[in-house]
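Swiss-Prot has this to say about the protein:
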- 1-34: compositional bias 'Basic and acidic residues' (COMPBIAS)
- 35-44: compositional bias 'Acidic residues' (COMPBIAS)
- N10: N-linked glycosylation site (CARBOHYD)
- N91: N-linked glycosylation site (CARBOHYD)
- 1-45: region 'Disordered' (REGION)
- 564-585: region 'Disordered' (REGION)
- 51-71: transmembrane segment (TRANSMEM)
- 94-114: transmembrane segment (TRANSMEM)
- 132-152: transmembrane segment (TRANSMEM)
- 158-178: transmembrane segment (TRANSMEM)
- 186-206: transmembrane segment (TRANSMEM)
- 280-300: transmembrane segment (TRANSMEM)
- 323-343: transmembrane segment (TRANSMEM)
- 353-373: transmembrane segment (TRANSMEM)
- 385-405: transmembrane segment (TRANSMEM)
- 414-434: transmembrane segment (TRANSMEM)
- 449-471: transmembrane segment (TRANSMEM)
- 524-544: transmembrane segment (TRANSMEM)
Amino acid sequence: MSEDHTKADNLSEKDPHSPERSDSSSHEDAHAREEEESSDDDGALDGKPASLIAIVMIALSLIGLQLAVFLSALDTTIVTVALPAISAHFNSTAAYTWVGSAYLLANAASTPIWGKLADIFGRKPMLLLANALFMIGSLVCALSINVGMLITARAIQGAAGGGLLTLVDTIIGDLFSLRTRGTYLGMIGGVWAIACALGPIVGGAFTSSVTWRWCFYINLPIDGLAFGIIFFFLKLKTPKTPILEGFAAIDWAGSFFIIGGTLMFLFGLQYGGITFPWDSATVICLLVFGVVCIVLFGLVEWKFARFPIIPLRLFQYRNNCGALLVAFFHSFVFTSAFYYLPLYFQAVKGATPILAGVYILPAVLSTGVSAAATGAFIGNTGNYLIPMYFGMSMMILGYGLLINFDAGSGWAKLIIYQLIAGIGNGPNFQAPLVALQTKIKQSDIATGTATFNFVRNIATAISVVAGQVLYQNQLKKMTSTLQQLGPAASLIAAGDAGANTQAINALPTPQRDLARSAIADALSPMWIMYTAFAAAGLFCILLVSKTELTTTHEVTEVGLEAQKKAEAERKAERQAKDLEKAQKS
């Protein structure tokens, strides 16, 4: 897109967050007004001051939203230290890979759909649906009698989890002004970071003390509480969209191509070099057809979709592309710490599952604190660029230091390096989302947020696969050295060290030390890769522009009629631009 065209877009389209477009001077008033318009029964609240009602409802709603995000994030990592026990229970090393990957793959593939569903049917109904699906998936996981049943249930969890995070971020964007939402998005980011980091600790505690099934049972009461709070206290206007008409408006072709393309591409990465050689027909076909489907998805969104899942107009600004790239690289790097640090502590340091979770507490605490502090900083200053630069710089330093983790690393090094990496993790959970929302209309908040989280989820899934591939391929290069381990050599050389940590700990001391050193050496190139990706993310921040965050609020219209109205407005804008160009020529 040319620079002149971009300027024309900027001139013809007012800042969607400008005071002239604001419908309210405070989010409390907007929230109270939505209560009046909502189909929910608010009669029990009559007679109370509106401002007090708004404050109470917002506080309770935020608790419910944070619980929903906590669940989605917790299940991203809770199984990481439980995977060896799950693999042993089902006598399946494949479970070590697929129980974790099924959640991430489904999470990534489903995310774009939730944003458009929320636009058509409303935020609250879709959030409740995601909660219900997550509860069903959790129950089936806990009751699984074979690995196939468990993997399928994890996929259901993943699809629902993608909706939980996307819809919560969207609702925050609906309720608060740009300046204010930075604080609340920071809170959500802090909850997400802490839950991701607590996952291995909670999973390790259940695996060691009770059973791995409690990694899924624990979701049921939390999910039930979140569902109840959201149902009774989150007051949002729900459109009365006819079910059949609403489903007819969904971009089914785009949904098919984005889900199919995402899954095929990620399956190709998952299989490559492990299950099948990289040059095998299976891997090549999956990768090629996955890319083809994604290209076809772009074509459908551009030319055919009336209500696109990922509208291409989101990418017309350099700022938006930069924010999405920063989100991609941040997620790619952040994910590695909470997937592979537990592996390091179990396989190299000989820790039990619960201790592996405890040993990553320095990264847990520093990540959560820095994420929440970033939200407060953005809310107070309106500046989101400083946290982005600071966070990525600290990630480069922190993950670069992790390269030095070896079998003999002392506790001072293990703690300090994790603290630095964790401080770098926090700032870019939500700062790029704030940057993205400065250049999109309020009517595009849901699709923009869904696109943002889709990019993050794709990065997470690719990160886990890329780390596994690099780690396992490094171990294969050490086959001759590992032959000294006897029967255990084949397990480690095949990349199954994570699923066989107990076998490694049972080796005689000389062989055990050799195995642990080999695993640490295999992890080192992986940290080099993640450090390089953090550096790439730092450069991408240069694409992000500085925009003043407004303190005014605009109420988001949802429903099929609102979608039609927004589309008509965009069509009128395009026609006005074309007419202006014709007059100039």
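Note that Cβ sites are derived from N, Cα and C of the backbone, with glycine treated the same way.
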For the transmembrane segment (353-373), the distant same-chain contacts (Cβ-Cβ under 8 Å, at least six residues beyond its ends) come to 81-82, 84-85, 186-187, 189-194, 196-205, 207-209, 334, 337-338, 341-342, 345-346, 391, 414-416, 418-427, 429-430
Can you count the other CB atoms that lie within 10 A of the CB of N91 (N-linked glycosylation site)? 8
Between the transmembrane segment (414-434) and the stretches 51-71, 158-178, 280-300, 385-405, work out which stretch tops the count of Cβ pairs under 8 Å. 385-405
Find the member of 51-71, 280-300, 323-343, 385-405 that has more C-beta pairs under 8 Å to the transmembrane segment (449-471) than any other listed stretch. 323-343
The transmembrane segment (186-206) touching the transmembrane segment (94-114) per 3+ Cβ pairs under 8 Å rule: no
Counting only residues 6+ away from its ends, which parts of the chain sit with a Cβ under 8 Å from the transmembrane segment (280-300)? 251, 253-254, 257-258, 260-269, 271-272, 308, 310, 312
Counting only residues at least 6 beyond its ends, the same-chain positions whose CB falls under 8 A of a CB in the transmembrane segment (51-71) are 27-29, 31-32, 35, 45, 127, 130-131, 134, 161, 164-165, 167-168, 171-172, 175, 184, 187-188, 191-192, 195, 219, 222-223, 225-226, 228-230, 233-235
Reported in the order helix, strand, coil, what are the DSSP residue counts of the region 'Disordered' (564-585)? 21 helix, 0 strand, 1 coil
